[in-house]
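Got these off Swiss-Prot a minute ago, pasting:
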- 22, 23, 27, 167, 169, 314, 341: 3-phosphoshikimate binding site (BINDING)
- 22, 94, 122, 169, 345, 391: phosphoenolpyruvate binding site (BINDING)
- 314: active site, proton acceptor (ACT_SITE)
């Protein structure tokens with residue numbers, strides 16, 4: 001529990017370097033573990049979720065050395081994993097669970113997979129369904145949740161799968177199984193989801209074709225270890241972008257942020273709301289990077305629809321906070337996915353911001369945010385609950401910057417899932 005005070009009249013100023021991208025850090029570990037030879041990961045995100053992925057591979061016999069934000073992996077190829085001596089603990093990481101269900105679905109030994117209380121309530125059936133069609137043998141609870149077992153399996157077969165809902169995790173699970181499957185695997189997306197898996201597969205020497213929403217690949221003979229320099233996470237940068245926009249007299253630059261076009265929904269949405277964000281591209285061979293500079297500006301309400309969600313799903317809580325300060329209403333629709341995150345993020349965003357006086361209506365697939373609301377703590381301080389959700393915790397901390405009165409935040413340790421040093425970095429730009 002910590003007490004947070006409003007920003008000073010001076011506002012927020014300076015440069016921020018947020019940690020490495022969580023999605024890319026996960027995938028770099030996975031590809032490094034199944035590739036042949038050494039993989040080096042720099043600007044690695046050593047957060048709780050990603051460290052669970054690392055521990056899983058160590059328990060599968062992969063030699064991994066970590067020195068702060070640098071990692072070396074000695075990969076032994078697809079068949080180089082060894083039976084674990086205990087259940088594979090995914091912690092709170094849905095990314096680890098869903099992607100590894102695909103990647104580990106063709107091993108010659110059984111694996112038990114477990115997670116914490118929150119993860120054990122999140123649905124896994126939508127991943128299991130296409131993997132089962134490919135020949136994977138996965139057992140879950142009657143509710144389609146963890147704990148589960150990935151059974152020993154000698155053969156996978158390629159399938160054509162039409163994604164019913166945009167999901168990078170489901171798509172990636174299919175592709176990670178597909179690189180080990182006989183025949184052709186084809187994933188059809190109506191709305192593009194983040195493409196880090198496809199980009200990284202190519203970097204490690206894999207081959208696939210992606211055209212007009214159709215991703216096609218065949219069994220890969222062997223991947224080769226690589227150097228992966230992880231960009232700063234745009235999902236973490238989003239909190240500082242919004243903080244500068246809504247905190248008076250502020251100007252911040254966030255350094256070396258990954259601006260992958262399947263992840264830059266936050267930039268497009270804030271721009272539509274009236275933000276002017278300076279994007280200074282950085283030459284790079286891997287994922288596109290840029291420095292982002294933003295100043296305090298007046299925002300206006302917009303409609304955020306299903307087509308916007310895949311490239312900004314993790315940023316919707318902080319977008320909701322920005323919308324409370326905008327002129328007019330912001331309507332978020334097609335965001336049912338928020339119901340099955342670490343918390344029901346639709347309900348949790350509304351419950352926490354409403355404690356500060358925000359006027360938000362709940363919809364089955366989103367929310368209606370009535371803008372122009374001053375945030376106020378009754379009786380000089382209000383208690384906000386992180387609810388075990390890292391993105392809710394950081395949203396609450398940014399809300400405290402513009403709240404009249406103090407915020408007492410509980411569960412702030414949840415931030416370590418994606419951004420262990422968030423409060424320290426926020427304090428630096430408040431000086």
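One is the number of the first residue shown, and numbering goes on along the chain from there.
Even glycines carry a Cβ here, placed using N, Cα and C.
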If you count the other Cβ atoms within 10 Å of each Cβ, which of the binding-site residues 345, 391 comes out on top?
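Sorting the candidates by Cβ neighbours within 10 Å, the top entry is 391.
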Using C-alpha positions only, work out which of the binding-site residues 22, 23, 169, 314, 341 is nearest to residue 391 (phosphoenolpyruvate binding site).
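Comparing Cα positions, the candidate nearest residue 391 (phosphoenolpyruvate binding site) turns out to be 314.
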When a 10 Å sphere is centred on the Cβ of residue 167 (3-phosphoshikimate binding site), how many other Cβ atoms does it contain?
20
Which ones in the same chain are close to residue 122 (phosphoenolpyruvate binding site), with CB under 8 Å and 6+ residues apart in sequence?
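Spatial neighbours, sequence-distant, of residue 122 (phosphoenolpyruvate binding site): 94, 145, 340, 341.
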So of 22, 27, 341, which of the binding-site residues has the fewest other Cβ atoms within 10 Å around its own Cβ?
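Per-residue Cβ counts within 10 Å for the binding-site residues 22, 27, 341 bottom out at 341.
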How many Å lie between the Cα of residue 167 (3-phosphoshikimate binding site) and the Cα of residue 345 (phosphoenolpyruvate binding site)?
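Distance (Cα to Cα, whole Å): 17 Å.
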Just checking a number: largest C-alpha distance across 22, 94, 122, 169, 345, 391 for the phosphoenolpyruvate site, rounded to a whole Å.
19
Give the distance between the Cα atoms of residue 169 (3-phosphoshikimate binding site) and residue 345 (phosphoenolpyruvate binding site), rounded to the nearest whole Å.
18
What does the structure give for the C-alpha distance between residue 23 (3-phosphoshikimate binding site) and residue 345 (phosphoenolpyruvate binding site)? Integer Å is fine.
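Residue 23 (3-phosphoshikimate binding site) and residue 345 (phosphoenolpyruvate binding site) have their Cα atoms 19 Å apart.
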Work out the three-state DSSP category of residue 391 (phosphoenolpyruvate binding site).
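Helix, per DSSP.
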